[in-house]
């Protein structure tokens with residue numbers, strides 16, 4: 001239900017940022033101007049659209065999740081009174097969310113509020129990105145560690161490691177080559193060439209560091225699989241950043257405007273702007289929601305706190321993200337004759353409630369900054385969101401470099417602090 005609330009508010013924010021929807025409402029809703037004046041939203045409801053309206057709505061949603069984050073601190077049993085607040089009262093929660101989003105429009109001194117809230121949103125958005133990058137690095141280490149544990153009993157795991165590593169590096173190399181072909185030209189596109197060279201060099205660097213003797217002595221499980229996963233993600237972020245970069249327009253020898261440094265076939269993808277907007281917005285919502293849900297599991301919160309399973313307890317399996325099938329619990333055994341019921345929260349919560357709400361709190365800020373085009377908020381609208389902007393470009397490039405830095409830290413930290421115990 002929390003995910004449904006989140007989706008409803010995100011869709012509302014996208015509608016508020018759509019100039020097309022605003023014009024359609026003005027054309028087709030009778031007495032539109034009278035209604036806008038009646039609710040004191042301006043002559044054409046300008047207070048209910050644009051980046052300032054999105055800031056207010058996301059402020060209400062962020063406060064909603066932050067309050068529940070505080071209310072659910074230190075809950076270890078799903079039968080406690082405060083746990084019922086988290087797991088029930090859905091109708092009243094919906095009313096509370098609506099009241100908080102609406103109440104944000106009545107905050108006095110709106111200019112000061114919007115300026116201050118913008119910086120809070122930027123910090124929260126970057127924290128949300130940081131959590132995703134940390135979990136990606138942890139995922140790469142966990143994958144290699146789990147499959148390496150299987151080599152002790154079955155040598156076929158070596159072949160699996162080699163095959164997946166080869167696939168990862170093939171994808172990363174192929175992606176960089178294709179971007180060099182389609183996003184650069186013989187004359188010009190120097191920025192794209194530099195960025196591709198830098199990011200390609202970073203992929204080579206992390207690969208060499210991962211297999212260097214000094215790192216191997218401290219971390220025997222370090223290998224090319226982790227660096228291959230990170231290299232693939234760096235390649236993806238590089239492609240995403242170049243795709244988000246504003247098009248460069250120059251004059252050709254005939255005095256006509258020509259767009260350079262983008263694929264020729266990319267021009268046709270933006271002809272139907274409504275289709276691009278709908279598909280792009282749906283993909284954006286889906287990715288953010290997936291990031292929220294995968295970031296709020298018990299294993300992810302344990303990983304962020306540095307708690308991992310002991311190496312001797314690792315059981316190699318293809319689907320290593322899921323717990324291995326063990327013996328039936330008492331409840332499962334009793335239910336074999338009838339429906340199988342698993343009481344997954346009988347002895348404790350399967351995820352940390354407060355951490356769950358905190359991630360959604362950060363996601364609210366990330367949505368606010370993303371939908372309003374980060375620092376180009378004044379000219380932002382959802383129709384031009386996918387045509388590219390410098391703010392989104394540099395956010396993605398910064399995410400790419402931070403991801404590499406985080407991975408390098410996991411490799412180098414044991415060398416810099418030999419007396420400390422590092423477990424990945």
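In case you wondered, yes, glycine gets a Cβ from its N, Cα and C as well.
Here Swiss-Prot flags 1-6 (among others) as topological domain 'Extracellular'. Tertiary proximity for the topological domain 'Extracellular' (1-6) is limited to same-chain residues at least six positions away from its ends with a CB under 8 Å from its CB atoms, namely 61, 64-65, 90, 93-94, 97, 289, 292-293, 356-357, 360, 363-364.
Annotated transmembrane segment per Swiss-Prot: 7-23 (among others), in sequence order.
The topological domain 'Cytoplasmic' annotation in Swiss-Prot covers 24-52 (among others).
If you look up Swiss-Prot, you'll see 53-73 (among others) marked as transmembrane segment, on the strength of sequence analysis.
If you look up Swiss-Prot, you'll see 74-87 (among others) marked as topological domain 'Extracellular'. Along the topological domain 'Extracellular' (74-87), the predicted structure has mean pLDDT 81.
Residue 76 (N-linked glycosylation site): 11 other CB atoms within 10 A of its CB, across all protein chains. Residues or ranges marked as N-linked glycosylation site by Swiss-Prot: 76 (among others).
Swiss-Prot lists 88-108 (among others) with the feature transmembrane segment.
Among the features that Swiss-Prot reports, topological domain 'Cytoplasmic' is placed at 109-119 (among others), with the record citing sequence analysis.
According to Swiss-Prot, the transmembrane segment annotation covers 120-140 (among others).
Here Swiss-Prot flags 141-161 (among others) as topological domain 'Extracellular'.
Marked as N-linked glycosylation site by Swiss-Prot: 146 (among others). In the shown protein chains, 20 other C-beta atoms lie within 10 A of the C-beta of residue 146 (N-linked glycosylation site).
Feature annotation from Swiss-Prot assigns transmembrane segment to 162-182 (among others).
Across the topological domain 'Cytoplasmic' (183-193), DSSP assigns 4 helix, 0 strand, 7 coil. Among the features that Swiss-Prot reports, topological domain 'Cytoplasmic' is placed at 183-193 (among others), with the record citing sequence analysis.
Look at Swiss-Prot and you will find 194-214 (among others) tagged as transmembrane segment, backed by sequence analysis. Packing against the transmembrane segment (194-214) from elsewhere in the chain are residues 172, 176, 179-180, 183-184, 222-224, 226-228, 230-231, 234-235, 238, 241-242, 397, 400-401, 404, 407-408, 411-412, 415: each is 6 or more residues past its ends and has a CB under 8 Å from a CB in it.
If you look up Swiss-Prot, you'll see 215-221 (among others) marked as topological domain 'Extracellular'.
Residues or ranges marked as transmembrane segment by Swiss-Prot on the basis of sequence analysis: 222-242 (among others).
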Where residue 76 (N-linked glycosylation site) falls in three-state DSSP terms: coil
Any contact, the transmembrane segment (349-369) to the transmembrane segment (162-182), with at least 3 Cβ pairs under 8 A: no
Contact call for the transmembrane segment (88-108) against the transmembrane segment (120-140), three or more Cβ pairs under 8 Å: no
For residue 146 (N-linked glycosylation site): DSSP state (helix, strand, coil): helix
Cβ pairs under 8 Å between the transmembrane segment (120-140) and the transmembrane segment (222-242), at least three: yes
